[in-house]
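Feature annotations, courtesy of TrEMBL:
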COMPBIAS  1601-1621  compositional bias 'Polar residues'
COMPBIAS  1739-1750  compositional bias 'Low complexity'
COMPBIAS  1760-1770  compositional bias 'Low complexity'
COMPBIAS  1771-1783  compositional bias 'Basic and acidic residues'
COMPBIAS  1795-1808  compositional bias 'Polar residues'
COMPBIAS  1824-1837  compositional bias 'Basic and acidic residues'
COMPBIAS  1865-1876  compositional bias 'Basic residues'
COMPBIAS  1903-1915  compositional bias 'Polar residues'
COMPBIAS  1939-1949  compositional bias 'Basic residues'
COMPBIAS  2011-2024  compositional bias 'Basic and acidic residues'
DOMAIN    322-403  domain 'Ig-like'
DOMAIN    420-505  domain 'Ig-like'
DOMAIN    509-599  domain 'Ig-like'
DOMAIN    604-698  domain 'Ig-like'
DOMAIN    708-804  domain 'Ig-like'
DOMAIN    811-906  domain 'Fibronectin type-III'
DOMAIN    911-1009  domain 'Fibronectin type-III'
DOMAIN    1014-1110  domain 'Fibronectin type-III'
DOMAIN    1114-1207  domain 'Fibronectin type-III'
DOMAIN    1204-1295  domain 'Ig-like'
DOMAIN    1299-1392  domain 'Fibronectin type-III'
DOMAIN    1397-1491  domain 'Fibronectin type-III'
REGION    1601-1631  region 'Disordered'
REGION    1734-1966  region 'Disordered'
REGION    1996-2024  region 'Disordered'
TRANSMEM  1512-1535  transmembrane segment
Amino acid sequence: MNQFDKVYSQFPCEHVSLHLFTEPLNIDVSVRVEDYVTYDLQLSDVWSVRGSTAVFKCIMNPYYVKDYIHVVGWSKGTKPIQAGDRISVLSDGELHIRDIRDEDKYSMYTCVARNILTGDEKPSKAAYLHVHDPPASWTPPKIDDIMTQLTVNEGEKVELPCVASSNPLPKYRWSFSNKELVIDSVSRIQRAGNLVIVDAKVTDSGVYMCNASNSHGSATGTTQLTVQYPLSATIDPQQQKVDSNQSAIFNCTVLGHPIKSVFWMKDGFKISPNQKVRITDQSVLTIHAVNKKDQGMYQCVVKNEETSSQGTAQLLLGAAHPTFVDTFINQYAQTGQKTSIRCIATGNPTPDIRWKLDGEILTENSDIKIGSFLNPAGDVVSYVNISNVHLHYGGEYQCISSNEVGEIHHVGQMFVYGVPFVRPMENVTTTAGKNFSIRCYVAGYPVSQVTWSKGHNVLPKNHLQKVVNDTLFIEGVQKDHDVGEYTCTAKNSNGQGSYRHVYVNVVEPPVIDAFSFENKKLGDRIVVTCAVKTGDQPLHIVWTKDGEVIPPDLGIQVQKLNDFITMLSIGDANPKHNGNYTCQASNAAATTNYTATLRVDVPPRWVMEPGDSFVILKNSVSLDCLTTGSPKPTIQWKKAIGKNPGHYQTIRYVANDNATTASKQLFSNGTLVIRNAKEEDHGYYLCHSMNNVGPGISKVIFLRVHIPARFDEVEKNYTVIKGQNKTMDCQAIGDQPLSVTWSFNAQTLSTAGMTSRRLITTTQTSRGKLSALTLRPAERGDTGFYVCTAKNKFGNAVLAMRLVVLEQPESPQNLTLVKKTSRTIKVKWQPPYDGNSPILFYSVQYKEQKAVWQGVIPNVTVSSDQLIASISDLHPAYVYEVRMLANNSIGYGKASGSLIIKLDEEKPSGPPTEVNVKAIGSESLRISWMPPLPDHQNGEILGYYIGYKEKDSQSRFIYITKSIDGEFLPEVDIHNLEKFTEYTVHVQAYNQLGRGPPSPDAQVFTLEDVPSQPPQGVQATAINSRSIKVVWSPPPLFTLHGILQGYKIYYKPVRFDEDESDSNAVVSSELEATITGLSKYTNYSLQVLAFTRKGEGVRCEPLFVLTQQDAPERPADIKALPVSNTSVMASWKPPLHSNGILTKYNVYVYNSTSTELMSKLELPPVKTSYYMNNLSLNEEVRFEVSANTIIGEGERTHSVTTAPQEKVAARIASFSAVMLIPWQHTLTLQCLAVGDPAPIIKWKIRGRPLIVNERLQILKNGSLHINGVLGSDAANYSCRSENVYGSDEINYAISVQAPPKPPSLYVVATTTSTIQMNWRSGSNGGSPIQGFVIHFKKDHEVWQKIHAGPTNRTQTVTGLLCGTTYKFYINALNRLGYSPDSDIMSVKTNGSTPIMPPQSMLLKVINVTSVDLDLNTWITSGCPIRFFSVQYKVWGDTAWTEVSNNIQSNKTIHTVEDLHPATWYVMKVIAHSDAGSTESELKFATLTYHGHTITPLFITKKEESNFYEKTYIMIPLCFGIVAFLILIIAVLLYMRRRRELIQMKESASNLRRDITAETSLMNDLDKRFNFDFDGGNTEPYGKRNVNLLISFNSDENLTNNSPTWLNNGSSKTNSDNGSISRSEDDGNINPYATFNQMKQVIMEKEQQSERDKSPDLDDISLQKLEAQKAMISPSEPYVPFFHAKGDNGDVAKDPHPPLIPLKTTEGYDNQGLILSPRKYASADQIHALFTQVPARPHSSYSKSKKCPSSSDEKGSQRQSIISSVTTVSSSRDELLEALENAKHNPPPPVVYESQPESSSQPTDSSVGTEPGIVKFTQSPPKPNEQREASCEVHYTSDMKPTIKRSRKEAESDTTECETNERPTQPRRIKGRRNKQRNQLTKRQVMPSYVPRTHSRTSTTSSEEVTYTFQGRQSPHSPPRGYSSYLPDSQLPESDKTPMRRGRRTPHAKVKYDLSLQTPGTDESRPLVMAVAQPSMSSPNEEDEDSATVSLLNRHYRPVEQEEGEMTGQQKSRDKGYREDFTLV
C-alpha cells in the first residue's frame, strides 16, 4: 500500500456504460483510514433464566465506526462458536444462545470484529453468561430483542430474531401480512423465537410479527423484511426510426426489488412530462409529433436505496414532414400586367408542390405558366408566372407542399384591380342535423361588400346562421328551413359588382329505436319490435339472424305494422333460437341497422345418477355422474370432511379424458375414476352439476375402501453401536382382526420365551397393530434378519428387518516411510480389523512436530482398497509427525503409532509480507517488511534483497542486501533519491538454496518538497497610488519538486522597523497578480515564490516598487503665535502621509474679523513656518495651510488665530513628537521659540536638567543635537521656553532601536521522524535580523538548538523519535541581542503505540508444557516495534515470572517453555516502540498429558466492605479518639498552669527593687528634656536625636552615602542613629541603646479590670546574677534601612523629604526604655551626646507629604534624648563602662520596619511602636532564625484575665504577652515589596495631637516588639538591595491591604517567664525597664503604677513561619523559621 492508499480508501461507484452518456449514479466516498483504526469493543455480561435465550451484543465505540467494523465471529473460551440448533449468529453480529443450560456459564464469550478498511481483526474483552433460576413471581412476556428492519438478497438465508423474557417462559408464533405463518421446517424453520427463512424470495418481503405469550399475557414485535433482487432495466425497442410528427413509444421493463423510483432521461437530462412527452406508469414513454430535436439516447433508470440500473434506447428521425422555406405575400396587380409568385419547401422525401386558385386546381394556359426546380440546398422551388393579368386571375392562391409524411399549405391573395367578380358555385346536398358551410370566392379589387341572401332576406337571419370572411355557416341544418337557393353578391364602393346563385338540398337518414332480448329460458315467448323514429320516406326494413335471412322452419314470425315499424315473435323458445338478430332500415339518404342477441337457458338434469360403491386398497373404482343442460353443466366432485356427510372439500383430480395414469381422473361426462385406492379415499362423496340456470342438482354416495394386512415398507435396515439399546418397530396395517408374529434367523420368537435383554410389546392403533422388539443392550450376536408377519381376512404381509451391530475399526498396522522429498511424504501400512463394518477410508494425519493432536488436523484420505498414501503440499525443512486412522460407518478407530519425518529445504517460495514503503523525506524512503509466511520460507531465511528503481524507467533494479544478524530489524532506509519521484520497490528473501520471489511491486512517491528555485523574470510596476501589478514566469519544471499549487506574492512597506506581521501575501494561480489597497507613495518590497502542498519555495530577490503619488493629507498640526507687536508667525507639522514628494505649502491668511482672504502664499516644502510682519497691534489674523504634490493640493488644516501683542509670552513653534531613532544615528530635536523679550530655553531629560557634553549639544536656535544616539539616550525630553510673560514646553519621546520581537512559530508538516516548522518574524526592533535560533527538546530532556539564517523561514528537524511529543520555541537575533522566547509549541511526530492482536491470533499454539506466541500478529501504528517482553504467572498468584525483556521484533514465533501441564496461566506480552508500549494480557490453560483442555476456572470472591464502612466499628472508635485527645489537652493545660504559677512566685520578688533603682535617673532626664523643650527653645524642630552607646564609624558619614541635601561639605551626621564621627571599625547602632522618644499620644478612655499590685517576692541580687549571662559581641556592617541597596551593592539615596512644621499647640510625651549593660561608658562620652550633636533640620526618614498618616507627621518631628543610664545599683559609672564595652564589642544591627499604610518612604530608626518601647535585640539570632521575646506579669490570686480594648487605640505590629496561661504567638510580619527590610512594622490611628504630659515610671506596662529580618538583613545573612519606593497608587493590592490590628500594649499586665534563661553572660546581661505613658491609660490604670515588672527575665523563642510566607528557596534554607525577634 503506497502513501496515498494508506491515507484514503476508495469505495468505487457503479460504472454503467452507455453509447453516448454515462451518469454516475453513486457518489465516491472517501474516508480516512486512521479515523477508523482506533475503536473499542464492549461486551457485557448477560443474565438469563435457565432454558431461555441469551443475547450477546458486541457494541462498538465510537458509534461512527460501525459501518466499517463488522463482527466476524464469536468464541467460547478459546474455541470459535459455530451456529447450530442452539446457537445463532445474526447478520448484525448478535449471538443468540437458546435453551440455556448450566454448562453454558462456565466459559468466557468473546466477539471478534474486523475492520473492512484495513482487514485487521480485534477481539473484545471477555464476558460471562450468568444462568439463574426463574423469579418467584409470574411476569407477562416482554420483547427484549427484535430487529425492526432487515434487508437481504434473494436466495440468502435470513434469520429474524425474537427474544422475550417472562415467567413462565413464553411461546412464540409468527405471522406474515396479518396471517399466521405456517412453519414447515423446510423453507421456514423456527428456533425458539427466531424465524429462519432458508431461501428468501422477493415475495417474502413484508412485515413479520412475532407474538410471545404465556398464561399471563403476550407481547408483539414487528420486523420489516426486505428481500432484494438485482435491479435491471431494458427498453424495447432499443432503436427505432420514427417519421416526423409521428409518435415514438418506448417500453421499459424493470426487474428487481425493492424499487424506489423509475424515471426517464434523454441525453443525460431528466425528462419532465408535458403535452408532447408523456410517461405512463413510469414504464411507457410516448413522444408525440417527433421532430429533429427528439433524436437522441433515452435512458430508463431504476433506483433504490442501495443501487441503480438503467436501460438505453436510441430514437432516429425517419421521413420529415414538409416545411416551407420561403412563401409569397399578398400581391396587387392591374389587368394586363405581369406578375409572379413562388414557394420554397423542404422535406424528406422531397415534397411535391401544387397550386390552387380559390379552392380549385390552378392549370396552365397561355397567360399562366407553372414550374418548379431544386435549388443547391435541395429545396423545391415552385413558381406561378402570369404574363397577362386578367380580372378573374385575382383571388386566393394556395401553395400546397406534400410528401408521404404529410402536407402543408400556404395561402395568399392576389388583388386585381377591377369590378368585383363572383366565381360560379355548384349546387350542394347536405344531411340534416349536420353543420354546413359554403364560401363565396370574389375576384376584383377593391371589394367593399360581400353579402349572402336567401330569397329577399339578407343572411344571417337567426342564431344558427353566420357569415364570416365571405363564408356562410349554418349549424344543425334543418330540412324545413334551410333548403333553397342562396345568393352571394359582391360590390365595390361604387355599387358595382356581381352575384351568383347556389341551391342547397337537405335530406334526413333513418334512425332505429334500440331494442333487446331479456334473459330467456326454455319455453318462454319472445316479442321485439323495430321502429324507425326518423328518416325520409320511403323506408325499407329487413330482419336477419346471424347475418342471414331467417329460415322459415324456426317458427319465427316477422310482421310489418306500418311503414316504419316491424315486429319479430317466437312462440316457444328453445336453444335453436339462440343467435344475433339485426333490424336494417334504409332510405335515399343512408342505411342504418341495430343488432340484439338472444340466448335460451336450460337447467341441468340427470342422465346417469351416481350410487354407493366399494374398492379394495390399491385397486380402481369408477363413480358415474352424467347430466345435461344449456349452457352445458359443469360437474364437481367433493369429499366429506370427517366420517359424516355435511361438510365437503374439493377433490384434486385431473379433468382430462386422456389422463389415464392419474390417481383421480374426471372425465368430460362427469365420471370420477379413482386408481390405486388409498385409505384416505374411504368416505362420503358429493357429485354436483350446475350451469347457473337454477340451483343445479347433486347426489351423495359412500365409497368403502377395504384394507388387507400390509406394511408401509417391505423391509427395514437397522444398525446399532455395540453396547447400545435398540428397538425395532413393526406397524401392521389392515382391517381387524389382525395378528402379528416375529422370527429371527428363521426361528420364531414367542413372547413366552422372552428374556430381560429381549422384549416384544404389542399395542392396538387406529390403523392396525404396532409391535416392537427391544434389545437391551445389543451384542455382536444380535446381527441378523428379523421378520414381522401380519395377517387378516383380506390378506397377509411380511416385513423383513436386518440388524447390524457395528464396532469401530482397529488401528492400521506397520506404518512405514516409503519416500520423502522437500514437499512430499509417502507411507504404507497393513489393513486393520474393520469392526464388523467395511472400512470406508483411511486417514493419514500429519502435523508439525511441535503441534499437538487436537483441533483441525490436516490429513490425507485414501480409499479402503489402498494401502499406500502420499502426502503432498508440505513445507520444506519442516519436521512432521505422521499417523494413521481407519474409518468405518461408526467412525474413526484408534490411531497408529507416529512417524517423525524431517523434509528437505527449498528456496523461499513466497515473498516477504507486509511490505510497507513510505516516504520519510523528499529524498528518502523507508521500506519495512515481515518475513515470508512460514509456509513459504522453506528453510532458514539468511537475509533480504531490497530492489528499487524509478517507475517506468528502463533501467534495472538497484538492490540493497540486508543480512540477518544479531539484532536484525526488517527495515531499510534509502536516501539520496530524486524529490517527488515515484519509485518501484520490492523485497526478496533468500536462504541457502537461493532467493525467493519478489514481493509485489510497490509504487510510492518521495515526499513533495518546496520548489528549489523562485519564479523567473519577476517584474513589478505601480499602476496607481494604491496598486502594483506583478508578472513573472514559472520556475523550471525540474525544480518544482511537487504539484504546483500556485504562487504567493509577499509585499510589505520598506521601513526601519521591519515587522513581518506587516507583510501581506497575495495568492495567485496565474502568472500575474495585481496588489491593491496599498499605501500611497510608499516603497514596497515584493517577493514572489511558488508553493507546493509541502510548503513555500524559495523567494525571489526582493523587488522594490514605489506606488505613485497622490494628493497629500493635510499638515499634521498648526500653530499661530505672536512674535512681536507687529508680527506673528504660523508653524505647522508636515502631513503625516505626504502621499508623494511635496512641491510646496499653501498658506492662507484671513482677516479674523471677516472671511475675506488676505493673501495666499506658496512656500517651498522645506519651510514649515511663516512670519507675517507689518501688522497692527492686536490685529487678529487667521491661518490655514495645505500641502501640494505634483498630483495636486491636499486638504487644509483647521484655522488658527493669533494677533501681535505688546508683551509676547514665550512660546514654542515646534511640536512635540514620538520618535524611534536608529542606533548611532544623529538626531536633532527642534525647539523654535518666540517671545518678547527673547525667551530662555531649557532642556530636560527624564525630568532633570540636561547636561551638555560632546554628544549632547544645544544649538543656537534652541534645538538639541545628539550625535550618535545610544541606547541610554532613549528617554523623554522636554524643551521649555520662558520669559517674564510666560512659558511653553514641548516634549519628545525618544525610543532607540531594541532587540527584535519574538517570531510566530507554527507547524507545517510532520512525519514519523521529522517535524517541519515555519515561522514569521516579528518586529526587528529597528535593526536587521541576523538569524534565528530554534530550540527543541523532548520531555524531561535538555533543550537543543538549531541556528537558521536571517532569510530562512522554515526548518525541518530530523532524526526524531516516532510518536513522540517535542516542544519548540524560537528566538530572533539582531545586533542588539536576542528576542524574547516565542510561545512554546508541543508537536508530536506521527505514529502511536502498537496495536495488540486478539488472543486467538497471538496465542498461536497451546501445548502441554509450552505455548507459541505469534509476534507477527502485532500491528504497528506508524512506529516500528523495537522489542517485546514476556512474563507470566499462574492464575491466582501475585508473583510474575519474566521470560524475556528483549525479544527482537523480527522474531515471528516465540515459544514459552517450562510450563506446568493442565494449569491456568495469565501471561503478559508487551510490545515496545518509540511511542510507548502496549500490553496484551492472555489467559489460557496448558493441555493435559492426553492433549485435552481442562475445565475453565471460576473464582468466586466474597465481597466484604472495608472496616471504615462499618458503622458499628467507626462510631465507638471516633468517640474514643475524641475522649483521648480531650484528656491529653487537659493534662497539658494543667501542667502548664502549674509551671507558670511556680515561675510567677520565683520572679515576683525582684520587680519592685529593680524598678525603684532606675526611676531616679529617668526623672532627672525627663526634667532636662522638658526644660530644653519648654524653656525658651524657639526652633521649630527638636535639636537632638541622640543614640546612646553608638559606634562612631558609621558608613553614613561617607560622602557618597549621604544625601545631597545634607552633604554640604561639613561632617554632619546623616545616620538615623545620630552618629557623629567615624572610626576604624564598621560600627553600628548599639542594640543595647536606650531611646527617649517624643511621640504623639491620644487621650483614650479605657476600662480595665482591677488588678492587684504585685508584692516584692525576691532579692535584686538575683537579678544581677541573671544579667551576667548573655552579652554578645559579633557585628556586621550596617546599612541604614532608608537606603535601598541594589544588586551591585550601591546604595540608592532617598530623595529630599518634605518638612512638616511642628505644631506648638500639641504636646509631646516622653517615653523611655533604659537598657543597662555590665560594661561601662565614660561620663565624658555620655556628656558629649548631649552637647556636641548639632540640631538636625528634620528627620531624614520622614514620610512623603503625599501620605496623610499621623504617624508620618510624627516622623519629621521626633527628637531623641537620653533619659537615664543606670545599673542595678543606680550607678552612673556602669553605664559609662557599657559604652566602652560597646566600642570593643559592637552588637548586631537593629533594623526596623516602617509604617506600611500610607507611604513606601523610609522612616527614622527612632520611630517607636508604642509609648516607651525601644527596638533592639539582645543577642544575634541563629542564621535564618526567628525569635520572639516573651514576658510575664505576676498576677495575684484575685487578678482577672479580662482586658477590654478602647474604641480608639494605637496599633502596633508587635504582639504583647497574653494575659492567659500561655503566651500568644507574635504577629507574623510578611515581607512587603515596598517596605524596607528589617523595619519595625507599626500602625497607629491618631487623628490629632494631644497635650504633652510628663512621663512617670510605670511598673505595669510591658509589650513585645518583633523584629523581622525576612532572611535578608539578619545579623548572619548578607544584605540585599531594597525594593524601590512606590507611591501608594502603584502598590500591589496585596501591599495595600491593611495589617491586622495589634493588641493594645500600654499598661497590659503580663507575666514574665522565668523558666527560660536570658541570653548573654553574667557580665553582659542587660537590664530593661519599660516606662509607661500615663496619658494613654485610664485613671484607674494610673493607680496601678506601683506594680513592679521584672524586665530582666526575658528569653527569645523562635517563631515558626507560616507556609504561605516561605518561598521555595527559604523552605530549604530557613528550616521553618523567620528572622523575627520580639523583645519586651
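For all residues, glycine too, the Cβ spot is worked out from N, Cα and C.
Remember, predicted model here, so these are calculated numbers, not experimental data.
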Let's see if you can do this one: DSSP helix, strand and coil counts over the domain 'Fibronectin type-III' (1397-1491), in that order. 7 helix, 54 strand, 34 coil
Taking helix as H, G and I and strand as E and B in DSSP, count the residues of the domain 'Fibronectin type-III' (811-906) in helix, strand and coil. 0 helix, 45 strand, 51 coil
Please work out which recorded stretch in 322-403, 509-599, 604-698, 811-906, 1014-1110 has the most C-beta pairs separated by under 8 angstroms from the domain 'Fibronectin type-III' (1397-1491)? 811-906
Within the domain 'Ig-like' (420-505), count helix residues (DSSP H, G, I), strand residues (E, B) and coil residues, in that order. 4 helix, 46 strand, 36 coil
What are the helix, strand and coil residue counts for the domain 'Ig-like' (708-804) according to DSSP? 6 helix, 60 strand, 31 coil
What are the DSSP helix/strand/coil residue counts across the domain 'Ig-like' (604-698)? 3 helix, 44 strand, 48 coil
Over the span of the domain 'Fibronectin type-III' (1014-1110), how high is the average pLDDT in this prediction? 90
Secondary structure composition of the domain 'Ig-like' (509-599) [DSSP: H/G/I, E/B, coil]: 6 helix, 50 strand, 35 coil
